[in-house]
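For reference, the structure is listed below as structure tokens.
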Amino acid sequence: MSRVKVAVLGATGSVGQRFIQLLDHHPFFEITHLCASENSAGKTYGEVMKTRWKISSDIPAYAKNLVITTPDPAKTKDVVLAFSGLDSNVAGEVEKNYANAGIHIISNSKNHRMDPTVPILSAEVNSSHLEVLTSQKTKGKIITNSNCTIMGVTISLKPLLDRFGIESVMLFSMQAISGAGYPGVPTMDILGNVIPHIGGEEEKAEIEPLKCLGKVENGKILHADFSISAHCNRVPVFDGHTVCVSVKFKKKPSREEIISSWKDFSGEPQTLGLPLAPNPVILFREEEDRPQPRLDLDTGKGMTTVIGRLRPDPILDWKYVVLSHNTIRGAAGAALLNAELLYKKKFLG
């Protein structure tokens, strides 16, 4: 069976590199076009990335000889789908151009997330939101990932919301430096330090989970009806976003009921047996000092959400710690899992 031809936009960036790694020998998709800025256009990917490849494994052989082009749908007419790791400064217009040209977009940028006809898709959490795609007026459809920080948070909240209802959430993030892209945060700012502000992150952390966990009515996504308060911090960890979460419930669960809801949680990717679907979706660890990025980040090849330290909260009801891989589960891996879901559900033709 022939594979679907795809492009990667922003192929030289940190998320673009993850796409290229994860799509190596993928059973559904074949990268035929790599797109980046004019500075890289006309050169082979291997030439451009000699000193810029920042993943521990080598550049996949298939990508080295692909010639980079600028992100223009006229230059990628044969692709069905484009994975976008573009910076938000340019992503909005470029992604819209691809959709207008009939090429589907799965985006990691913030630009289209708040459009009520664009799903912020987390494949296990809200696959039903795909039905709003019919409300988009373009031939190509736009789907977005959430902000990488709240990907694991949203996954952790979904089974709790379904079983017990949620009134409010407080979260405190410790976000890895890779989340800022490359070259990222200056060394003298982050070494031996914590930066208690990341521009725009708290606003995204307080609103995006509500859309992810909302419901579809009349072709639009309505937000979930609870409130979130967020503190977002940059810490000197390379990969892995750790978030401390406190939750107030409508129906008061026991510790055992919460853990059971996490252990039982799965979604359509697991039912369909998608290649990148983690099993388990959530791993709960009983050790009092877990999860840790150094020890738990690669669980499920970076796709499993790891939770620990569940205990009573004297102000709300319960609190816990959640860890997810920000460039895999929170970015390229989530986008690829979304694409696998689209493929299996025949959205790609």
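Glycine residues also receive a Cβ, built from the backbone N, Cα and C atoms like all the rest.
In the three-state DSSP classification, CYS148 (active site, acyl-thioester intermediate) falls within a helix. According to Swiss-Prot, the active site, acyl-thioester intermediate annotation covers CYS148, on the basis of sequence analysis.
Among the features that Swiss-Prot reports, active site, proton acceptor is placed at HIS241, with the record citing sequence analysis. Sequence-distant contacts (6 or more apart, same chain, Cβ under 8 Å) of HIS241 (active site, proton acceptor) comprise CYS148, THR149, GLY152, SER173, MET174, GLN175, ALA176, GLY179, LEU323, SER324, ASN326, GLY330.
If you look up Swiss-Prot, you'll see THR12, GLY13, SER14, VAL15, ASN39, SER40, SER178, GLY179, ASN326, THR327 marked as NADP(+) binding site. On its own chain, SER178 (NADP(+) binding site) has SER14, GLY184, PHE238, ASP239, ASN326, THR327 as residues at least 6 apart in sequence with a Cβ closer than 8 Å to its own Cβ. SER178 (NADP(+) binding site) carries a helical DSSP state (H, G or I).
Residues near ARG113 (phosphate binding site) in space but far in sequence (CB under 8 A, at least 6 apart, same chain), listed by position: ILE120, THR144, SER146, LYS204, GLU208, LYS211. The phosphate binding site annotation in Swiss-Prot covers ARG113, LYS204.
The substrate binding site annotation in Swiss-Prot covers GLN175, GLU201, ARG234, and the record cites sequence analysis as its basis. Secondary structure at GLU201 (substrate binding site), as computed by DSSP, is helix. Counting Cβ atoms from all protein chains shown, GLU201 (substrate binding site) has 21 others lying within 10 Å of its own Cβ.
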Cα-to-Cα gap, ARG234 (substrate binding site) vs THR12 (NADP(+) binding site), nearest whole Å: 23
Fewest other C-beta atoms within 10 angstroms, as judged across THR12, ASN39, GLN175, which are the binding-site residues: ASN39
Binding-site residues compared (SER14, ASN326) - highest count of Cβ atoms within 10 Å: ASN326
Candidate with sparsest Cβ neighbourhood (10 Å radius) among LYS204, ARG234, the listed binding-site residues: LYS204
Mapped DSSP class for HIS241 (active site, proton acceptor), helix or strand or coil: strand
Cβ-Cβ neighbours of CYS148 (active site, acyl-thioester intermediate) (radius 10 Å): 25
